[in-house]
Structure formats: C-alpha cells, structure tokens
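*Asks:* Pulled from TrEMBL, these are the listed features:
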type	residues	note
DOMAIN	3-252	domain 'G-protein coupled receptors family 1 profile'
TRANSMEM	21-44	transmembrane segment
TRANSMEM	64-82	transmembrane segment
TRANSMEM	94-116	transmembrane segment
TRANSMEM	160-183	transmembrane segment
TRANSMEM	204-223	transmembrane segment
TRANSMEM	235-254	transmembrane segment
C-alpha cells in the first residue's frame, strides 16, 4: 500500500514525470491498490478472528472487484508494453503516436472492459441457486470455487469463463510478447552494448511480472476443475492477487532512476514542510 501509494502521488504530482509511461504506471499502481484492498483486509480479519463467515453480498462484491481490477490490469499491462515498443522502436514519432488523448483513451478502454467484463462474469458465477456446502476453500471468493457450490450444472458457466479468459488473458499477452520481441530485435541491431544490457534487464523484469500474473490467472480460470484443489489453487490465487501487486512497484519503479529522483524530491519536500511547521 505504501509503495503503490507513493508511486501514485509522485506520478500525478511531479511535473518531471509528465510522460505516457508514468501516466500508465500511476494507473497500474492504483489498480494494484484496488487489488490489495479487495482481498487482504478480509483475509486479515479471518486470520485474527475465529468467525470466518462472509455474507453473500460481500462475496459478490469482492468477486466483482477482483474481476474488474484483474481484467483492467491485464489490458493495461499490454498497453504499457506497446508504449515501450513505440518509445524504443519509433522514438521520433513517439509524441505523436502516444499523445495525451491516446493515453487517456487506452486507460479508459482498460477500465471499460474491466467494468463490463466484471458484470458478465459476476452474472455467470451467481446465475444458479446455492443449496450445497457453502465452504469456500480459499482466502477470497474466487469464481470457479463459488460456481462449484451452486446447485445447477456449473459446466456452462465454467465454459463461458474459460472462453472469456482466452480473450482477456491471451489477447493482451500476445500484444505484450509481440511488443517485447520487436523491442529486443531493435536493440540487437544497435551497436551500444551498455544500452543493450539495460534494455535486456528492463524487459526481463517486466516479462517476469507479466508471466507471474498471466500464468497464475490462467491456472485459476483456464484449467478444468478436476485438476484443481485447495493446495493447488491458493498459491496461484495468492500470486496474482497479492504477490504481483506487491512486486510491481519494485519492478516498474524502484529500478528507474527518474522514479528514484522523484521519490527523493517528494520526501525532501515532506521533510522541509515538517521542519517549517515545527
């Protein structure tokens, strides 16, 4: 929360970070904050108290927010990869291609698909009545587990979610892979070994987090339930809902010199204001 909150504050207030990359980064941190606040508070309550009951409305709300934020983040990561591709492979026309209007439109598209997709997946998860065991073997209300508790045939809902996951997960991932492949091809054609090594390091870090997010989400929503179990589901759910949002600031920000400088300036201003108030 602290790391992502600091990134949001810096990218939205520091004029030196007025570029599409940091605009997207600020929204990514905001999505990570939403991810964390959707799952962790309920989990902490259940770890502290013995009463592990979740109301039906709370379960529906939590599931919708996870769907909405997760889909929006998957799409936003694809747009961020495309932004880096344009910046590295087409630097002369970068300002024209990634204009302010385009950046706002891309972020709006990510949020729009997240909101609409969440409504559709929420309906598919709760379309059947519930009359079986109401014990959820996870730390939050995850769709495939909740669907398995319904009285009706869950196969139709699971097939719809599977088809939706193919579009939501594989399409952005294809754009990310193509963008980074072209970035690496462009870098390999240059003579600067230092710039080449820096770009390789950055791409490897970004792709690591993308792989963590997408593979864990694919395992949760694109595998048949017969291959699942509490011991298998929980680590992957933990990975894409908590670990990835926690690591994103380190991967995308704290290895960036401009972000480090902005953080130093922000902390310096905070210290100065506190000294003046004293």
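Glycine too: its Cβ is placed from the backbone N, Cα and C atoms.
Just so you know, TrEMBL annotations never went through curation; they're auto-generated.
Not measured: the values here are computed from a predicted model.
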*Asks:* Which whole number is the mean pLDDT over the domain 'G-protein coupled receptors family 1 profile' (3-252)?
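*Replies:* Mean pLDDT for the domain 'G-protein coupled receptors family 1 profile' (3-252): 82.
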*Asks:* Determine whether the transmembrane segment (94-116) and the transmembrane segment (235-254) share at least three Cβ pairs under 8 Å, counting only pairs 6 or more apart in sequence.
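*Replies:* No, the transmembrane segment (94-116) does not contact the transmembrane segment (235-254).
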